[in-house]
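A.B. asks: Got a structure for you, questions after.
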Amino acid sequence: MSSFKKVVLAYSGGLDTSAIVPWLKENYGCEVIAFVADVGQGAEELEGVEAKAIASGASECYVVDLKDEMVSDYIYPTLKTGSIYEGTYLLGTSMARPIIAKAQVEIARKVGADALSHGCTGKGNDQVRFESCFAALAPDLQVIAPWREWDLSSRESLLDYLAERDIPCSASATKIYSRDANAWHISHEGGELEDPWCQPSEKVWTWTNSPEQAPDKAELVTLNVVEGEVVAVNGEQLKPYDCLVKLNDIASPHGVGRVDIVENRLVGMKSRGCYETPGGTVMMAALQAIDELVLDKASRKWKEVLGGEFAHLVYDGRWFTPLKDSILAGAEALSKDATGEVVLKLYKGQVTAVQKQSPHSLYSEAFATFGEDDVYDQSHAEGFIRLFSLSSRIKALAKK
């Protein structure tokens with residue numbers, strides 16, 4: 001193995017990264033600096049994390065608050081594109097990875113590290129996301145991925161490894177699910193979820209009520225949108241992160257934002273995940289409602305194309321690329337008229353936009369009415385239809 005002087009590890013305080021600290025020191029003879037990203041995973045997850053890192057053998061631990069930046073500079077731009085991976089997944093884990101990688105590189109530069117490390121498995125997407133970001137931001141730094149090197153293959157072996165070194169760890173061998181949380185969402189994988197025929201039990205979900213346990217009375221929430229960004233909730237002007245937190249609090253009791261999907265991983269296999277994205281689901285519904293009013297047909301079509309490509313870009317970890325900048329520039333242009341107000345009804349897991357208005361709305365009641373009007377001459381439709389269907393007519397005549 002190569003020898004490094006100082007390695008910055010993306011540290012969570014969980015079992016895997018607690019074992020990685022001593023493993024790096026033993027196998028690479030290096031000093032280990034722990035880096036913890038606060039992306040809104042909650043105070044419970046961060047409590048005592050610095051002490052855990054030091055107890056595991058790290059010489060220092062940096063906890064960096066990334067919540068505001070993550071929402072304003074990563075989530076909100078992605079929302080403007082309308083990106084939804086494979087029609088369902090709102091990219092909660094994917095959007096958080098580039099800002100974590102960027103902050104990790106910044107800490108590495110600050111402390112003079114010559115390598116970076118992460119606790120991603122060799123089967124998952126995150127190894128590609130992190131290392132693609134590292135390649136774009138710090139191609140001179142080496143990357144150590146212990147899960148691709150060590151012979152520790154189970155939770156039991158990791159616990160034994162720590163016990164042999166008298167390193168305290170609160171994890172247990174009976175943990176069922178692998179979870180990842182941030183301000184946007186929480187993901188659940190593993191356990192019985194690995195069988196797609198197995199219905200997830202309520203113990204899987206940790207954030208939202210089940211629709212059955214949700215209130216029997218619907219709740220209305222009003223969102224104000226300016227150029228594709230949610231700026232106010234129920235009349236209260238808030239920063240992006242605070243808008244998200246408020247909507248999470250409002251939507252989660254109603255069971256909003258639960259999805260159970262089998263997705264195509266970047267590395268080639270399929271995986272099943274259960275995701276909870278309460279506030280984000282409400283935001284997306286509001287932005288879609290505004291788009292219905294302000295985008296013409298061609299613009300909506302192209303936004304769908306851009307959003308589909310951007311969803312794959314984010315999922316695949318290609319944030320720091322020229323393509324990302326190009327698509328976001330297009331999304332900005334398409335969002336310049338996306339200003340308005342939306343009232344959404346939350347009820348037993350469902351979000352419905354029940355009222356919407358915009359100063360840039362292209363909807364005209366005068367043209368759309370089923371009643372009598374004096375702005376649309378229906379006889380004009382005949383000529384339009386003949387021209388619109390001309391190619392079909394020519395093809396049919398050619399077959400005679």
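Backbone N, Cα and C atoms are what each Cβ position is placed from, and that goes for glycine too.
The ATP binding site annotation in Swiss-Prot covers Ala10, Tyr11, Ser12, Gly13, Gly14, Leu15, Asp16, Thr17, Ser18, Ala37, Gly119. The feature L-citrulline binding site is assigned by Swiss-Prot to Tyr89, Ser94, Asn125, Arg129, Ser178, Ser187, Glu263, Tyr275, with sequence analysis given as support. As annotated by Swiss-Prot, L-aspartate binding site applies to Thr121, Asn125, Asp126.
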A.B. asks: Quick check: of the binding-site residues listed here (Asp16, Ser18, Arg129), which one has the Cα closest to that of Thr121 (L-aspartate binding site)?
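C.D. replies: That would be Asp16, nearest by Cα distance.
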A.B. asks: Can you tell me how far the Cα of Arg129 (L-citrulline binding site) sits from the Cα of Ala10 (ATP binding site), in Å?
C.D. replies: 13
A.B. asks: Here are the binding-site residues: Tyr89, Tyr275. Which has the lowest count of other Cβ atoms within 10 Å?
C.D. replies: Tyr89
A.B. asks: Name the residues of the same chain, 6+ apart in sequence, whose Cβ is under 8 Å from the Cβ of Ala10 (ATP binding site)?
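C.D. replies: Residues satisfying the criterion: Thr17, Phe35, Ala37, Ile100, Gln104, Leu116, Ser117, His118, Gly119, Phe130.
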A.B. asks: List the Cα distance (Å, whole number) between Asn125 (L-citrulline binding site) and Ser18 (ATP binding site).
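C.D. replies: Just about 21 Å between their Cα atoms.
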A.B. asks: Give me the long-range Cβ neighbours of Glu263 (L-citrulline binding site): same chain, 6+ apart, Cβ under 8 Å, in sequence order.
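C.D. replies: Same-chain residues close to Glu263 (L-citrulline binding site) (Cβ under 8 Å, separated by 6 or more) are Tyr85, Glu86, Thr88, Tyr89, Lys270, Ser271, Arg272, Gly273.
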A.B. asks: Test of understanding: give the count of other CB atoms lying within 10 angstroms of the CB of Asp126 (L-aspartate binding site).
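C.D. replies: 22, counting other Cβ atoms within 10 Å of Asp126 (L-aspartate binding site).
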A.B. asks: Check each residue in the chain of Ser94 (L-citrulline binding site) that is at least six apart in sequence and keep those whose C-beta is under 8 Å from its C-beta; list them in sequence order.
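C.D. replies: Correct list: Tyr85, Asn125, Arg129, Val314, Tyr315, Gly317.
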A.B. asks: With DSSP assignments reduced to helix, strand and coil, which class does Asp16 (ATP binding site) get?
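C.D. replies: Reduced to three states, the DSSP call for Asp16 (ATP binding site) is helix.
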A.B. asks: Using only C-alpha positions, which one of Asp126, Ser178, Ser187, Tyr275 is spatially nearest Gly14 (ATP binding site)? These are the binding-site residues in the record.
C.D. replies: Ser178
A.B. asks: How far is it from Ser18 (ATP binding site) to Ser187 (L-citrulline binding site), counting Cα to Cα, in Å?
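C.D. replies: Taking the Cα atoms only, Ser18 (ATP binding site) lies 21 Å from Ser187 (L-citrulline binding site).
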A.B. asks: Calculate the distance in Å between the alpha carbons (Cα) of Ser12 (ATP binding site) and Asp126 (L-aspartate binding site), and round it to a whole number.
C.D. replies: 14
A.B. asks: Taking only the binding-site residues Asp126, Ser178, Tyr275, which one has a CA atom nearest to the CA atom of Asp16 (ATP binding site)?
C.D. replies: Ser178
A.B. asks: If you measure Tyr275 (L-citrulline binding site) to Asp126 (L-aspartate binding site) at Cα, how many Å is it?
C.D. replies: 16
